[in-house]
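So that you can see what the record holds, here are the features copied from TrEMBL:
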ACT_SITE  C:E83  active site
ACT_SITE  C:C146  active site
ACT_SITE  C:H169  active site
Number of protein chains: 4
Amino acid sequence: MTDLPCVLLTGFAPFGGETENPSWDAVRRLDGETLAGHRIVVRCLPVAFDASLDALRTAIEQTAPALVLCVGQAGGHAQLALERVAINVDDARIPDNLGAQPIDRPVVEGGPAAYFSDLPIKAMRAALLAAEIPAEISQTAGTYVCNHVFYGLMHALREHAGVRGGFIHIPYAPAQAARHPGAPSLAIETVAAGLRVALRTALDTRTDRRLAGGAEH
Amino acid sequence: MTDLPCVLLTGFAPFGGETENPSWDAVRRLDGETLAGHRIVVRCLPVAFDASLDALRTAIEQTAPALVLCVGQAGGHAQLALERVAINVDDARIPDNLGAQPIDRPVVEGGPAAYFSDLPIKAMRAALLAAEIPAEISQTAGTYVCNHVFYGLMHALREHAGVRGGFIHIPYAPAQAARHPGAPSLAIETVAAGLRVALRTALDTRTDRRLAGGAEH
Amino acid sequence: MTDLPCVLLTGFAPFGGETENPSWDAVRRLDGETLAGHRIVVRCLPVAFDASLDALRTAIEQTAPALVLCVGQAGGHAQLALERVAINVDDARIPDNLGAQPIDRPVVEGGPAAYFSDLPIKAMRAALLAAEIPAEISQTAGTYVCNHVFYGLMHALREHAGVRGGFIHIPYAPAQAARHPGAPSLAIETVAAGLRVALRTALDTRTDRRLAGGAEH
Amino acid sequence: MTDLPCVLLTGFAPFGGETENPSWDAVRRLDGETLAGHRIVVRCLPVAFDASLDALRTAIEQTAPALVLCVGQAGGHAQLALERVAINVDDARIPDNLGAQPIDRPVVEGGPAAYFSDLPIKAMRAALLAAEIPAEISQTAGTYVCNHVFYGLMHALREHAGVRGGFIHIPYAPAQAARHPGAPSLAIETVAAGLRVALRTALDTRTDRRLAGGAEH
């Protein structure tokens, strides 16, 4: 079993006054599962600009994954958001869990302006919708710790030939929505099922499908 | 068992191009359950102005319920919506399942302008939030078949002393949201759990709690 | 000039931490104008449950209007909202300007559950859209001072045979939206132009047009 | 007068079934005006992937501007959106005005993944809010012709040392919102006033202000 290649799947700790983070609650359900000939290893990242990437890079060294998928909470979203691009900027509206609040600072000094996801997001979205799980393409992962981790992941993978990376944002859990009047949510079970579909599609697909998934603005 | 007083719980058939209606999918899960000393009987109502109330009135006659709760789909909503008031107007943006599309016609000719719910909606909302199920008070049930049934229910109950009635709108199921980009949803299991909480609270509460649940506009 | 029949047009004072209320800023631009053979008289109502209706009833006594249109602010709305119905309930999420915060109290003890607008809201909406001014039918005026005034107006008009009444909610002014990230707004000039179109249509139309303007929920 | 350095300000032609484009309607009001020692020259760009950048590059050659600001319509937005970043991808949900509908194609083959705006968007937003004009920072300009032009502009400016460029998205005009139920809008006058404030600030500011303007996702 341990000879199988590995997928590194990460969630985040709670932040912004929440007591749970559905990304970790969903991700940890997949710990140890096998998908498309890969064993899933999960990690929980801190919601802190500096510590998050340290933890991610350590996890990559420890697990030597074939594919890395990071998952984060997007309060206010109704669907799984397959992120297309990470940009080289930290701009924090609220402090992170260690009190840092960078403004208009690059994630990586001298790094490129952006990295695109390596994952076949159009095929993943099509597979999710076929599985009746709500999903959309997102053109921005924000400028907070999620984008920071996504950018830092893609930057780090330049040193790991053949390893692919990507990011998915997920809605609040229903219990969180009960504390945010009017906010959408998805059950942790639905998110976990969606992550399995997304990962299997990513592992099975080398060339993405040519499907429109853009936005006018 | 059949000596227990009964709760009549209704959902609706699919409409508006949908192939499922989460109100019926959730409601039927409670069929035959016992809650607070009451047995739950479920019915599926047609999405048709005239036939819906015929079916509801027949079900009331057949089951002689102590309490009637009707449940309908509110595509675009993120939370369970406990309806406060039904108004005496049919105004259909889209035809019903039998092709009828009334405009600015009363539900009951000569009936009062509106009926308020008999149910303790503030206590029900508090119980739902305590159970971590997203819920809100709604000041309008619209002007389509749901409002028609809610109004017709309250009008019919004038002839049934002591029988209480009310209405809850629920979001799309996730499978529906997968076909409506950006639309919120709730899992059928979450809705069914919410209906149990709401019904138990309604059965146990005679005087509603004094909790703000209004809107500025 | 003073022999012309009169229209009473009211706005509200600022509330909820705002320093302006676009309803009054728009309404007062029409002061003294003549529309369809009627002279417009304007009044500013206090945002206070009790005082608002006292002021409105006094204004009705003083001006003996043929038609009364009350206008209020709906922060978060993008379009003029022609209100269909006022309900007999006060339920305040925030205190009014005098500190009162009634919960689930009737506007008028023993009054009917609701009153419908007397105005031809479908014809008014059609005229607004033809004039390229964004407008929609609204099925709820909320449960705060606006609904309180609308209900109180319709109740008072029962003693004034032939006098018609109604209510329109309007969006924030752009200056307010600059303080509410993401909030829609309409320019005061656009709202004032819309009120002229709406009033002229109301004065010229006795039987409303049969146009769909409902909502599914 | 013609000795003044020049600002090139562009809008777009109508698209997507609209008969007007508020970006051009607002932009052309500033034609020939002088702001902070610069003369404004306006151009209308076609909504077509290939032709838009041809027209923009020609206009840059003809006018030799010190600063280029492109403006586009964002139907559904309520506020002026100061764009932070353009990404190197075309992904069209709807065909452009010449029928082209590229999917996941780079704007510039071999170009960098993204370009950041040269303009001081935080200072511009602060100036707009101080002028009571609704404005926000946007982390994505989409993947349609607007992003295509923004990316192509920044790429072209690499050959024009010292010339700065940026992009602003604006809401529908009220007349458009009258045809889109519930859609927000801003008056053309408000947008034009906002463009003057934004341009003056851009011309007067070399180092942007350190103000948070990010998003969590």
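Note: Cβ is positioned from N, Cα and C throughout, glycine not excepted.
Structure coloured by features recorded in TrEMBL.
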residue: C:E83; record: active site; Cβ neighbours (10 Å): 26
residue: C:C146; record: active site; Cβ neighbours (10 Å): 28
residue: C:H169; record: active site; Cβ neighbours (10 Å): 27
DSSP-derived structure type at C:E83 (active site), helix or strand or else coil: strand
Integer Cα-Cα distance in angstrom, C:E83 (active site) to C:H169 (active site): 7
Separation of alpha carbons, C:C146 (active site) and C:H169 (active site) (Å): 8
C:E83, C:C146, C:H169: the active-site residues whose Cβ falls under 8 Å from a chain B Cβ: C:C146, C:H169
Secondary structure at C:H169 (active site), reduced by DSSP to three states: strand
